Amino acid sequence: MSNRNATVENALLSFFLAFAVMAKTVFSQDCQSTGCPGLKECCSSWGSCGIKDDQCGFWCFSGLCNLKNKSYGFDYNVSAGPRGPIESIVTPSLFKRIMSKVGNNCPAKGFYTHQAFISAVKSFQAYKGTVAKREIAAILTHFAHGSKGFCYKEDKATGRYCSPSKKYPCEPGKQYYGRGPLQSIRWNEYYGAAGIFLRLPMLKDPDMVAHSPEVAFKLALWFWTTNVRPALYLGFGETSKRVDGRLCDNLHPDDTKNLVKQYVDLCKILGVTPDEASTH
């Protein structure tokens, strides 16, 4: 089993490395660090935001990338079975095992709770029946990575992150930096759109994400179901790029390695292989 896990980790890492090599051309990293403000915009490998093929096509770095004919030769199908109710997959003991690694000096120690996670997941139609164990492993991996091991509920790099928008105007004095378990979610347009979907005043009160663990999980799950879930069939590498394009550059190899290892380890705990579709 250890040999298989090593093979899987190497295969997944090759995705990130291959993409990093393709994107190694000299470029600005503006949107790769901050994300694009537009809900429909993509961040290109050259650091520019837009909706054209130059940004959303083959050289798309993150965002709503055009998935047509873009499998990179991998077919890991993160949404494949086996499946089960969310309560049977993420049990209190499993959640406690994950949170046991949160240090006592972490600002978010005790903030992220099992009850809040289960309640948030079940509030989405896509997860009210059975869910794929492999997808849950991917979700928990990215949530842990996005919050530095569930250590933080707010990004340390705060900022205004306000873009001109008639539909989602910024509230005076409010900041729309990353909060919750996916701190790559920034900008007023994301908070505004998520707030409408979740029926929460996130645009007027973005701080509510850092005050309620259930709201924090709901914001992250809204982003996942909207921007990441459509790419599950392309594998864990593609989901990682859509969560945070920086995971696919060649500047943070240790982060990438740790991300892949955690995903493989969680799949092992849940009794699924991360690299093969299952017919069970």
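Heads up, the Cβ atoms here are built off N, Cα and C, so glycines get one too.
Listed in TrEMBL for this protein:
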type     : residues      : note
SIGNAL   : 1-28          : signal peptide
DISULFID : CYS36-CYS49   : disulfide bond
DISULFID : CYS42-CYS56   : disulfide bond
DOMAIN   : 89-229        : domain 'Glycoside hydrolase family 19 catalytic'
DISULFID : CYS106-CYS151 : disulfide bond
DISULFID : CYS162-CYS170 : disulfide bond
How long is the line from the C-alpha of CYS42 (disulfide bond) to the C-alpha of CYS49 (disulfide bond), rounded to the nearest angstrom?
5
Within 10 Å of CYS49 (disulfide bond), Cα to Cα, which of the disulfide-bonded residues CYS56, CYS106, CYS151, CYS162, CYS170 are there?
CYS56
Within 10 Å of each Cβ, count the other Cβ atoms and name the one among the disulfide-bonded residues CYS42, CYS106, CYS151, CYS162, CYS170 with the highest count.
CYS42
Note the mean pLDDT of the domain 'Glycoside hydrolase family 19 catalytic' (89-229), expressed as a whole number.
95
Cα-Cα separation of CYS151 (disulfide bond) and CYS170 (disulfide bond), in Å?
28
For CYS56 (disulfide bond), just count the other CB atoms lying within 10 A of its CB, please.
21
List the residues of the same chain that sit at least 6 positions away from CYS36 (disulfide bond) in sequence and have their Cβ under 8 Å from its Cβ, in sequence order, or write 'none'.
CYS42, CYS43, CYS49, GLY63, TRP187
Hey, how far is CYS56 (disulfide bond) from CYS162 (disulfide bond), Cα to Cα, in Å?
22
